[in-house]
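Undergrad: Here it is, the structure, as structure tokens.
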Amino acid sequence: AAAAATGASEKVVSVFVKNIGPDADEATIEGVFKQFGAVKGGAAGVTIRVQKNGGERYAFVEFEDAESATKAMAATGLEIDGGALSVEEKRERVQTRAHNNNNNNNNNNNNRGRTNDHRGGEREGGGGRGRREGGGGGRGG
């Protein structure tokens, strides 16, 4: 929407890079991709991620312009540490309404009727798991 308001067309400037290998860092990845054009500076330029459960490493490379991203996606034979890279258009993560509702339901179920008013602090009465603490523990006393 912002691009339409400024008159700019929505062109791809970020690419998704798979198979980057365990030793590649941001500088190494930028070194491979700057041959296609200017990579944005700072943390926005190259971002490395690791799939959950110790899976593959991948990266996002953001260029200054769409032409550079297009060249990078069309390139063949790119390697880092002997591993062939796979370069694709970065796709935005879309969260569906059903997914959002499921998360909300899970959060509500996890609360089990309790409110989140006491986040980060002690509950009145000392906390505990569903029973009142304190008071000597029973009859007499």
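Cβ coordinates are placed from backbone N, Cα and C, and glycine is handled just like the others.
Copying in the features that TrEMBL gives for the protein in this structure:
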| type | residues | note |
| --- | --- | --- |
| COMPBIAS | 100-111 | compositional bias 'Low complexity' |
| COMPBIAS | 114-134 | compositional bias 'Basic and acidic residues' |
| DOMAIN | 13-92 | domain 'RRM' |
| REGION | 90-141 | region 'Disordered' |
Undergrad: Per DSSP, how many helix, strand and coil residues does the domain 'RRM' (13-92) have?
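TA: Here the numbers are 23 helix, 26 strand, 31 coil.
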Undergrad: Taking the domain 'RRM' (13-92) alone, what is its mean pLDDT?
TA: 91
